[in-house]
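J.: As annotated by TrEMBL, domain 'C2' applies to 1-117, 239-351, 383-515, 549-675. According to TrEMBL, the feature transmembrane segment maps to 775-792, 804-831, 919-949.
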Amino acid sequence: MTAPDAKTGTGDEKLVVEIIGAHNLMPKDGEGSSSPFVEVEFEDQRLRTHVKRKDLNPIWNEKLVFHVIDANELRYKTLEISVFNEKRSSNSRNFLGKVRVSGSSVGREGESAVQLYTLEKRSLFSHVRGEISIKHYVTTTTDSNENIIPVNGSGGSKKSKKVSSSIGTQHQQIALLNHQQHNQQRMLPFYPNQGEIKPLVITALPGPRPGPVLYTNGSSEFSLKETKPRLGGVTSGLSSYKDKTSSTYDLVEQMQYLYVRVMKAKDLSVSGEVVSEVKLGNYKGVTKKVSSSSLEWNQVFAFSKETIQSSVVEIFLREVNRDEYTGRVWFDLSEIPTRVPPDSPLAPQWYKIESRNGVGELMVSVWFGTQADEAFSEAWHSKAGNVHIEELSSIKSKVYLSPKLWYLRVSVIEAQDVAVINKGSGLTRFPELSAKLHVGSQILRTTVSAANPTRSFTNPYWNEDLMFVVAEPFEDYITVIVEDRVGGNDVGRVQIPVSAVERRTGDKPVGSRWFTLDNGTNNSQFGSRIHLRLSLDGGYHVLDEATMYTSDVRPTAKELWKPHVGLLEIGILGATGLMPMKVRDGKGSGTADSYCVAKYGPKWVRTRTVVDSLCPKWNEQYTWEVNDPCTVVTIGVFDNARVDKSNSNTRDARIGKVRIRLSTLETERVYTHSYPLLVLHATGVKKTGELHLAVRLSRGNAVNMFQMYTLPLLPKMHYTQPLGVHLIERLRYQTLNAVAARLSRAEPPLGREVVEYMLDHDFHVWSMRRSKANFFRLVNVVSSLVWVARLVEAMRSWTKPVCSTVFVAVFLFMVLFPELILPSLFLYAAAVGVWRFRKRPRHPPHMDARISHAETVFPDELDEEFDTFPTSRGFEVVRMRYDRVRSIAGRIQTVVGDMASQGERAQALLSWRDPRATFIFLVFCLVSAVGFYVVPVKLTVAVAGLYYLRPPRFRRRLPSRGLSFFRRLPSRADSLL
């Protein structure tokens, strides 16, 4: 791209600089963010954009127009673009980076594309990062509503024009599409449609490390949206307005169905196997095959009322090997009754079969009902007509219960009379012994018994506690094997059934027992035995979820349970805009066979699978007892891989999940929202659809619920006999295995991949993205302290003398009346809480892609997060990541070393390592002791505060004498190699 030709210059050319946006800017406001604006200088003309408050990935889309004095000289000019952070407390600004663009790279209008520039430093010590997207060209015509903000003192004659509000999302997408076309060798395509990758991430190619491109679709697609469904037949709202007589399901929308129950037949003139076919328009349901000697089916068929396209429902009977029907029974839909629970089920009746010979009767019941009908869960649904009859069980709704889990504690104390006979020489030697324990698939070992001069080598001593996870009913055995590490053989073993182990509910230890070891020979020379203490600890809660997402904190022993404090009701309404997960044979477009799984406490629920739909409607309601309000319910959406019998992949694909913390819900209020389903893939964050839920938390006893906030989160035994962090993680993995094994044997099975996703089995895996998110969470927490420190520093600077004077007066008042300090602080906190009540959050929290740093994550960081353990990447990638970890660890090492040096200097005050410094400090302590004894405390504090708050004209810029003295103290850093 070349500069404009000199011959084409007309003297009224204008240089247009479009500031599209920037991303990954350096936070400079002390709160983990910045308020950036762009300033452009060209030929003594300076213009700037508007300020984007608290945004590290700002989007401006503003045009800055400059007069070109001589177009022939443009190629020799330089365009300087700088990014600054605006400070609110003063008129100053922080430097965020700059770009210098040569005039030779400026083209004509229509020939230029969006350019991506890396921000450069202003000096050697500048801290700069990020990129900026710019488009620049020369034109002879400009719009009348361009963004032009002149900078004071720039010397330009431009007028300030009003910002155009017409520059919206469409313009942003067009700009970034041009940008993408210009960098198509480095970037993934941009997908503005539902369910595609939201951030434009750059692929990991050789060369400089790329960054993510601006996210322009707007965070509204990732936000929570309130809905107004017709719950129980009326518009949703407070629970006091619901109509319980209309349906027992008052948190879901009513769905009308035509139910047909085919019971049995008699007096048929058939000889082979017989089936019944229920036809309603284009839908047909077929019963199982039965022999002519036992004509009984007892099957229910459900047809959605919204898809009915016929006025009659017909039931045909035919033999399996014959195409013609034996007979039929039909019903007019206008004469079918409607049943609403809690009415009793409609009794089936005998109906005469229309056939050629005129014989036979069929017992049938037909009625209209809703999803609240008892037959709904067992019925064949018309929308699942393409599902093979053998796979119908895999699409039905079910309720599962996690197995009752216990912690098994085995204390291996000692063994007696253990020896090994060396078969080669016939001599007895004394081995190095350890104990190995098997419980199911869990294997643990003790350490090798240490040599002790007070004990014989035949009597090893361990005294170690080993923990296992076991599930009821107890079918496993505890196998204890004493091994010889030198010889590599078993000295003896013993098997103990888990069902025979004593249970305990407190921290009182149970009695120990001696068990005889079997060495496999009938004539044992030694009567070897082992000393064990076994107990099933029911005072613990067996953790199967991450601590921050736990849904149950009750101990295992039921006698320790407290009464429940409320009731949780969730109506799973449906989903919209799901991402296609598969392509059916004969169909070009993708589809999904989706179902929901909700987990709270030991109760798992699974909705029915809606086949071939990207906008499924479940409208199923479930209830849980709440034992602690500070718990989390998890709802996940999956694609059923078992619907297609020809599909070799039986792992259900995850579509997304939602977590709701119950303590954030108001009691007796119905929350109806659509939750975004976000999934992080190796290519970026994806929105895979929206899940529509209706949630209500009903309060039982208000006193009990408020009392729960004063009790420990976990049962008592977690504090009297605490378990280590690594031990809890290992036991949690064993718990996940036990739960997954039990639920996978149910019908329909709940796969291991579903259990792992619902229980967040990989939350502890290293992730640079999650580390950044946690760091900025910490920065947000301490931001209030930083704000206080800045306030005090602003009062010290005396830039606003009136405010500083009032601050000093308040300080002196608090010194004179210190008894008012704590009451004032608590009163201030109460006033702030009352003031924020009207602005309290009205929606439950949801997964936030911005807080999770999923929008601006680098491709290499995502690839590292999804890497296996141990790694499966190549040598160069692993070396690059290792060097990056070394760089980060080097900074942490420096910070830790500085903190250790400060502590060692404090210890050196009285250590006489520096005799002169210690002597000076002792003299200071003696003088201070006398001074503080003579001078009142209030006067001392007042003088010290006034000295600290003195105006700048009475201060010097050098460090104080006390700080200089402390920095000169020795530390042990001098002794490091």
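Glycine residues also receive a Cβ, built from the backbone N, Cα and C atoms like all the rest.
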J.: Where else in the chain does the transmembrane segment (804-831) make close Cβ contacts, counting only residues six or more beyond its ends and a cut-off under 8 Å?
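T.: Tertiary neighbours of the transmembrane segment (804-831) are 795-798, 938, 941-942, 945-946, 949, 951.
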J.: What are the helix, strand and coil residue counts for the domain 'C2' (1-117) according to DSSP?
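T.: Counting residues per DSSP class in the domain 'C2' (1-117), I get 12 helix, 54 strand, 51 coil.
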J.: Tally of helix, strand and coil residues over the domain 'C2' (549-675) according to DSSP?
T.: 7 helix, 62 strand, 58 coil
J.: Could you give the mean pLDDT over the domain 'C2' (239-351), rounded to a whole number?
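T.: On average, pLDDT over the domain 'C2' (239-351) sits at 84.
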J.: Can you count helix, strand and coil residues in the domain 'C2' (239-351) using DSSP?
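T.: Secondary-structure breakdown of the domain 'C2' (239-351): 9 helix, 52 strand, 52 coil.
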J.: Quick check on the domain 'C2' (383-515): DSSP residue counts for helix, strand, coil, in that order please.
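T.: Helix (H, G, I), strand (E, B), coil: 12 helix, 63 strand, 58 coil.
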